[in-house]
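Some notes on the structure that comes next.
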Amino acid sequence: MLASLTNTEGFGAPALLPASRPKIHPKEKAAIIVRLMLSEGAPLKVTSLPEDMQTELTQQLGKMRRVSRETLKAVVEEFLGELEQVGLSFPGGLEGALSMMDGHMSANAASRLRRLSGGNASVDPWERINAMSLERIVPVLEEESIEVCAVVLSKLPVPRAAELLAKLPGERARAVAYAVSLTGNVDPDTVHRIGLSLATQLDSQPLKAFDAGPGERVGAILNVAAASTRDEVLRGLLEQDKDFAEVVKKNIFTFEHIKARLGPRDVPKVIRLVDQNLIVTALAYAMGVPDLVPSAEHILSNLSQRLTQTLKEEMAGRGKIKEKDAEEAMGAIVMAIRQLEGSGEVVLVEPEQ
């Protein structure tokens, strides 16, 4: 609505007021409406407008003096008439359009649009920077000067700035926090140029082909791999890159981890997704392996008494179970847990550090 107030094309042509009164310029009409809304205590977020519009509006407010009741009534009626004619509105600026198109266009196309608009002085780069994840912003700031980091913290909303500061190394965070006190004399043009430069750098970062990190991806693969393969791969990773191996281990979730990470109330949800024959196979095998017994008992103790009794009877009737069949059955239970976790129906307990 504010954009329509300050649009120089606003309200169509100048209002056709009584012949005894001069026609009013669209900017004057916008100023009248804004003054009226402010006097009535209506919420008016002028900061959502481009800076040039804010400037023009404020200058116009400073030029005006008194407006008769008749003129005020005519302007308000025209404004309300214009509002009633609005059938559809669009988000202001590129970021608004990209937010509206989120999920409907490729990341490559969105990135290209941002790069093309990077040099447009009318685009507010700080809106773009504020919308980015901290994981993207922090690496860039670690390479920037303390003064630039201080400007960034000063421009971002306080909660967001606090999160960003917490991500910086201790010594650098303290230096940046102190430098914020020295940003009072930085002029708006310099701040805008810093924003444009940072936004360009951030938009120039290569897009990731994978949503998950490498450690998470390897962990997910090893989750469904045979135990022998999983152990062999982990041993190799520990020899080549211990830090990466530790990240992978934190992302591994197998049958053995069910006891520690799956909540009691979530056990029935998981079991409902798995074929009963596979459940019996997995539990019967697990009860014979010391490391797997706690998870098997965790499952049995959190089901209804009737179902638990049925499963135990079927487990007792099972003969020797092949390791391959057992791993397939336990893998089915693990996959069901991961499926529920992915949909948000189950939240796993974070592994201990």
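Cβ atoms here come from the backbone N, Cα and C positions, even for glycine.
The domain 'Flagellar motor switch protein FliG N-terminal' annotation in TrEMBL covers 25-126.
The domain 'Flagellar motor switch protein FliG middle' annotation in TrEMBL covers 136-206. For the domain 'Flagellar motor switch protein FliG middle' (136-206), the DSSP counts in helix, strand and coil order read 55 helix, 0 strand, 16 coil.
The domain 'Flagellar motor switch protein FliG C-terminal' feature in TrEMBL is assigned to 237-348.
When pLDDT values are averaged over the domain 'Flagellar motor switch protein FliG middle' (136-206), the model yields 87. Helix first, then strand, then coil: DSSP counts for the domain 'Flagellar motor switch protein FliG C-terminal' (237-348) stand at 81 helix, 0 strand, 31 coil. DSSP states for the domain 'Flagellar motor switch protein FliG N-terminal' (25-126), grouped as helix (H, G, I), strand (E, B) and coil, give 67 helix, 0 strand, 35 coil.
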